[in-house]
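Undergrad: Right, I'll just put the structure down here and ask away after.
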Amino acid sequence: MAESKVKSPVKARKPESHLAMVRRARKINRELAEVYPYAHPELDFENPFELLVATVLSAQTTDLRVNQTTPALFAKYPTPEDMAAAVPEELEEIIRPTGFFRAKARSLIGLSIALRDNFGGEVPGRLADLVTLPGVGRKTANVVLGNVFGVPGITVDTHFGRLARRFGWTADEDPVKVEATVAEIFPKSEWTMLSHRVVFHGRRICHARRPACGACPISALCPSYGVGETDPEKAAKLLKYEKGGQPGQRLKPPADYPGEPARPAGTVTVEVSE
Ligand code: SF4
């Protein structure tokens, strides 16, 4: 078999100055904005409460699985008051497909009680308040703040952390440190959309196990080019969701999403693990 030409297009062999890294990072963000002009949160929601609940459910599972589960959940418990009064076993049964359903049910009922009793039934728009809710950590709080309150936030999930390291923005594994380092590189106004673009790229092209380097539109800016498949034809077959001609994760994607919507639960679907 012919040896593939694995060569980093970035002059990674020379140490890169901090300024050069920042310039390259900002260029990556601009290019990702062109590749994914429609980047958005991949959880279906229609109000802050739904996004909060969906984000709690998304731990340790795919957004697709959450999106297939929440229509029945929100039909039965549309408000914090309704969910606060849920019979735990009934709520558990609905959210069972998302995994860890007992702990998640406790969080959902607990956070609904807290919203009802401490915040007038409304989702608060401050990080300090959000993280007091059961099951809500910094990541969940940032998702809610960035996507319904317009408060800029960097969401360091598994995709964002992996790509930030591959891009050479940080060497840290700790999400809080990654968030702090990346926050220094980009202006605040970019934080929320940067997060969506990077996660989109991680899910579609720069996968954990087999990144599609040979089909990657930002390979010329990436010091990790070559960690994945570099053959263009083979790499093209690794692309996922709209980039690979497959349905997306949202049952109700935004109008500008160029791919197919996800299919509801119970239909035959290809489960994509990341
Ligand atoms: S797919 Fe490869 S070239 Fe593209 S960002 Fe990921 S590691 Fe870099």
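Keep in mind that glycine also has a Cβ here, set from the backbone N, Cα and C atoms.
What TrEMBL shows for this protein is this:
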BINDING   C206, C213, C216, C222  [4Fe-4S] cluster binding site
DOMAIN    57-204  domain 'HhH-GPD'
REGION    242-274  region 'Disordered'
Undergrad: Give the sequence-ordered list of residues that share a chain with C206 ([4Fe-4S] cluster binding site), lie 6 or more positions from it, and have CB atoms under 8 Å from its CB.
TA: R162, L163, R166, A212, C216, G228
Undergrad: Average the per-residue pLDDT over the domain 'HhH-GPD' (57-204) and send me the rounded value.
TA: 97
Undergrad: Applying a 10 Å Cβ distance cut-off over all chains shown, what neighbour count does C216 ([4Fe-4S] cluster binding site) have?
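TA: 24, counting other Cβ atoms within 10 Å of C216 ([4Fe-4S] cluster binding site).
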Undergrad: Other than C206, C213, C216, C222, which residues of the same chain sit close to [4Fe-4S] cluster? List them in sequence order, counting a residue when its Cβ is within 8 Å of the Cβ centroid of the site.
TA: R166, I205, P211, A212, I218, S219, S224, Y225, V227, G228
Undergrad: Once near-sequence residues are set aside, which residues in the chain of C213 ([4Fe-4S] cluster binding site), 6 or more away, have Cβ atoms under 8 Å from its Cβ?
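TA: Looking at Cβ-Cβ distances below 8 Å from C213 ([4Fe-4S] cluster binding site), excluding near sequence neighbours, one finds S219, C222, S224, Y225, G226, V227, G228, E229, T230, A235.
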Undergrad: Please report the number of other Cβ atoms within 10 Å of the Cβ of C222 ([4Fe-4S] cluster binding site).
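TA: Within a 10 Å radius of the Cβ of C222 ([4Fe-4S] cluster binding site) lie 23 other Cβ atoms.
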Undergrad: By the DSSP assignment reduced to helix, strand and coil, which category contains C206 ([4Fe-4S] cluster binding site)?
TA: coil
Undergrad: Where does C213 ([4Fe-4S] cluster binding site) sit in DSSP terms: helix, strand, or coil?
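TA: The three-state answer is helix.
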